[in-house]
Amino acid sequence: MSAKISETLTFECETGNYHTFCPISCVSWLYQKIEDSFFLMVGTKTCGYFLQNTLGVMIFAEPRYAMAELEEGDISAQLNDYEELKRLCIRIKKDRDPNVIIWIGTCTTEIIKMDLEGMAPKLESEIGIPIIVARANGLDHAFTQGEDTVLAAMAHRCLEQRLFVRERNGTIQKFPPPLEKEGEFIEYGDHPSLALFGSLPSNVASQLSPELRRQSVKVSGWLPAQRYTHLPSLGNGVYVCGINPFLSRTAATLVRRERCRLIGAPFPIGPDGTRAWIEKICPVFDIETQGLEEREKQIWESLKDYISLVHGKSVFFMGDNLLEISLARFLIRCGMIVYEIGIPYMDKRYQAAELALLRDTCIKMCVPIPRIVEKPDNYNQLRRIRELQPDLAITGMAHADPLEARGMNTKWSVEFTFAQIHGFANARNVLELVTRPLRCNDNLEDLGRTTLVK
């Protein structure tokens with residue numbers, strides 16, 4: 001007699017405390033992605049200490065970000081905020097000459113009601129450099145939402161940024177489009193523009209674009225682009241598609257304010273997710289996919305050595321970076337058992353396609369659909385972990401050491417944020433991260449770890 005497996009997703013919401021990095025940490029990868037930018041954080045010394053300790057960049061390295069520390073005079077309104085920011089931005093222009101300055105507002109600027117949005121337009125007209133204001137403060141649910149805030153603010157500039165650059169440089173076309181290389185000519189279908197949004201390393205973005213190019217789908221641009229002057233043109237009739245699950249605010253901005261058309265698709269994490277991502281995009285342009293099934297099979301074949309290590313193992317997601325649904329779906333497809341998916345925040349509309357793929361994957365693998373807990377209570381989670389005893393807990397850094405001290409295998413979820421995990425070619429990196437603590441403990445057991453400890 002076979003047990004019936006539920007085919008419905010179960011959502012729960014707790015009101016417990018959750019621990020994550022501050023969203024201003026998004027500067028650590030965005031300043032490297034947007035090469036002609038400069039990030040100016042407006043906050044207290046605490047924000048400065050956090051950035052210095054988190055990024056670990058020395059002063060003499062001259063990174064393209066800085067901290068505007070608020071003093072008592074700023075908080076008590078004894079100083080002129082506009083003049084202080086103007087002085088800093090003029091110095092930034094003189095030293096670095098960026099094409100855009102991005103102000104990152106923090107919790108303190110919210111509390112003292114600093115009008116950054118009101119000062120930015122006046123100041124940018126004075127110094128001749130675009131200034132974008134993003135409120136990436138600690139009031140968000142997860143640190144990855146800092147990128148979401150920055151991209152949503154940057155989306156408003158996509159239509160006007162080329163005109164601004166022409167006026168500033170006095171030239172019609174400062175950056176001409178790259179020429180097609182010989183032997184790489186591809187006949188694209190006559191379809192509307194497609195822009196992808198989400199920050200990825202340049203080499204990963206250059207892997208995803210060719211995957212669509214093989215299907216005769218042309219990517220007109222990325223948000224963010226490698227240079228601010230290369231932002232895509234957005235507007236009515238332009239299709240957009242996200243590559244990360246924590247960009248719901250950007251998606252809403254593109255649809256509501258820029259009148260773009262959002263393609264709801266799973267996210268390109270793992271071979272199954274990448275194939276589903278492409279299969280959602282192509283029909284929108286009346287293009288039939290070719291060779292995707294063979295491409296996915298080829299990748300799964302190359303992952304057999306890792307899959308043999310994780311098959312039958314159990315994993316518990318405590319929730320930290322909003323990548324949990326996509327990672328859980330991929331690991332279930334690899335044969336793992338997911339007890340629980342904790343997630344700091346869930347936008348069911350934006351992640352609808354990913355949730356549907358999670359359900360279909362569980363049905364295909366004949367495993368129960370894990371329950372999804374939004375804003376999990378960490379104390380309740382620890383109790384459930386003690387009861388379930390999973391082989392691996394993917395958790396934030398705050399809980400990793402306490403769990404390790406109790407004999408639990410852990411993996412920092414922040415590592416998945418910075419690792420290259422998107423696309424067919426990088427599926428191996430996900431399993432490398434997941435299996436590392438498992439392989440490490442197996443090697444210690446072979447050395448007689450118990451005897452050594454005693």
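Note that Cβ sites are derived from N, Cα and C of the backbone, with glycine treated the same way.
Record features (Swiss-Prot):
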- CYS22, CYS47, CYS107: [4Fe-4S] cluster binding site (BINDING)
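In three-state terms derived from DSSP, CYS47 ([4Fe-4S] cluster binding site) belongs to a helical segment. CYS107 ([4Fe-4S] cluster binding site) counts 17 other C-beta atoms within 10 Å of its own C-beta, drawing on all protein chains shown. Neighbour density for CYS22 ([4Fe-4S] cluster binding site): within 10 A of its CB lie 21 other CB atoms from the protein chains shown.
Annotation note: CYS22 ([4Fe-4S] cluster binding site) sits in a coil segment as assigned by DSSP. Those same-chain residues not listed among CYS22, CYS47, CYS107 yet with C-beta within 8 angstroms of the centroid of the [4Fe-4S] cluster site C-beta atoms are ILE24, GLY43, THR44, THR46, PHE50, THR106, THR108, ASN137, GLY138.
Over all protein chains present, the Cβ of CYS47 ([4Fe-4S] cluster binding site) has 23 other Cβ atoms lying within 10 Å.
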